[in-house]
Amino acid sequence: MRATKAVTGAAVAVLASTAEAALASTCVGSNDICFQWGAPEAATRSGHGNVYFQLRAPKTYSWFALGSGSAMQGASIFVVYSNGHNNVTLSTRTGQGYLMPAFKARSDVELLEGSGIVGGNMVANVRCKGCSDIDISSSSSWIAAWKAGPPLNSASPSADIAMHDGHSQFDVDLQQASIASDSNPFLSKPTKPGHTKPGPTTPGPTKPEPTKTGTSGVVVQQGPSENQVLLNAHGIIMAIVFIAGYPLGSSLMPLIGKWLLHASWQLLAFLGMWAGFGIGCIVATRNGMFCKDTHTQLGVVVCAMMGLQPVLGWLHHRQFVQTRSRGIFSHLHVWYGRAMMLLGIINGGLGLKAANQSASLITVYSVLAGIMSVAYAGCVAFGISKRGKQVAEKGVALSSMSDFVAPEAETHSAATDLAGRRLHHDFHKTLRSYSQPPYQGSPLSDFQPSNMLSQLSRATRATSAVAAVARVARGNSIQVRCFIAPTISRRADFVQELYLKELKAYKVPPVKESDADGHVQAFTMPKTPASPEESDIASNLKEYESMAVEIEGLSASQSEGGAAVLPDWLEAEEDDETGH
């Protein structure tokens, strides 16, 4: 009889040791959160059946959890936390991405004997009866998460839990974690199915906790999942864009003043923002959290509103080129962009919190954001001071040039009035001269077409002079107005441009009446041809003149020699007259 009992005890011990040796185990976190799995041989052969697993963690954790699946979205999660009565609460939940898993009651999950607070650890021995969401036939994916802190001390399976501090992923091959019997493998004395009960354990009923050396050969730790890689890429890109990209690009204008460099830099940041936005949309959609939390909602709004910034920048540049001063689009572009940068930085912090990043990483992000904000504010203040100095220097230059600008403007204004009065006077004088009767005294004595053309030419030139002087006067007013609010960045360039404009504006070519010579043909009266009678008279007059000259010569000679002798032709004429 004693021999039979001894053999039976040895067989039980061998069976227990065999079951323990076949369990799959792993430890995560600080190597103090451990899990074990086991599946009956019948279940591993058929591919379906009961699955046993144990969750163990120190009481220093507020809660910890194990889930079947490769990601939180849609995973079957088993959350364990203290119930406040030296026992634990097992809460079956369904993953909702990065939101708190929702409680879902399950009748196929049972908390087994040996669960409770054991040796300062929270222990949960679980049996999942025919769980279809656990793949027994091959390697299956599992996830784990935990939150350090004070115990929840809640018996409610739907208690609110805080965001996890850490998480892990691994694969478990249940084909290599088979146990001989379909019973609780985590007790030193296995009980038959249906005879287990949950509750606090008494000393010695549970098996020793798994060795904290990592994982067994049937558990393979996974590296970062594809979703995690995409999530990290999204966070890094967006942090660079909003903490460094946009602020540095905006600082280029007050520091350097090169709009082309500013636009190129901001365009690169703009494209990077949309790349990060696309990656974030993929991650959020896969985890079922797109536009379901503050981070994703605010992110969509900020990126959409940032789409207007390039348009405002183009309108600002176009207006500045036309007016050489800031306008409504300038202020919209500047302040709208600053508001969007601030919202983007705030949303980045919300994203870190939603992704449950460590407190140290959130602190680093906050410090960097604060440093960049202070640096950006300093650049803005420097730009304002720089523009103020430029305005002051150009104001001094304006006061020194006022003695030159004002007299010249007055001179040209007076020249404009004088030219107008002369034009008016010459025009009316011409009208009066040609409104006189054509015959006064001798014919055509006052009619002089050459004078008329000369006066008309002078009037035309005077009209051109008036127009030129008027343009100069208008140019003066525009130049003075631009000089009061200058926009040239360098003083030397400004002074050079000012003098060039003044020289071009005030150098008016003189108007002379002789300018028409060689361009306008002078009019002369044509000579009337002589008639035959007039020609005979003219020839007779010439003969008379020659005869008179001869007579004068004879008279002079007779006065010297005696009395003059009359020619015979005079006597003959007298005879003829008497004869008639």
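Including glycine, each Cβ sits where the backbone N, Cα and C put it.
TrEMBL lists 189-199 with the feature compositional bias 'Low complexity'.
Residues or ranges marked as compositional bias 'Acidic residues' in TrEMBL: 570-580.
Mean predicted confidence for the domain 'DOMON' (31-149): the pLDDT average there is 90. Positions annotated as domain 'DOMON' by TrEMBL: 31-149.
The region 'Disordered' annotation in TrEMBL covers 183-217 (among others).
What TrEMBL records for 554-580 (among others) is region 'Disordered'.
Annotated signal peptide per TrEMBL: 1-24, in sequence order.
Residues annotated as transmembrane segment in TrEMBL: 229-248 (among others).
Counting same-chain residues at least six beyond the ends of the transmembrane segment (260-285), those with a Cβ under 8 angstroms from any Cβ of the stretch are 97, 227, 230-231, 233-234, 237-238, 240-242, 245-246, 248-250, 252-253, 291, 296, 299, 303, 306, 309-310, 313, 317. Annotated transmembrane segment per TrEMBL: 260-285 (among others), in sequence order.
Sequence annotations record features per position, and here TrEMBL assigns transmembrane segment to 335-355 (among others). Within its own chain, the transmembrane segment (335-355) has Cβ neighbours under 8 Å at 98, 163, 231, 234-235, 238-239, 241-243, 246-247, 250, 293-295, 298-299, 301-302, 305-306, 308-309, 312, 361-362, 365-366, 369, 373, counting only residues six or more beyond its boundaries.
The transmembrane segment annotation in TrEMBL covers 361-384 (among others).
Sequence-distant contacts of the transmembrane segment (229-248) (same chain, six or more residues past either end, CB-CB distance under 8 Å): 265-266, 268-269, 272-273, 275-277, 279-280, 282-283, 337, 340-341, 344-345, 348, 351-352, 355, 357, 365, 368-369, 372-373, 375-376.
Residue counts of the domain 'DOMON' (31-149) by helix, strand and coil are 6 helix, 69 strand, 44 coil (DSSP-based).
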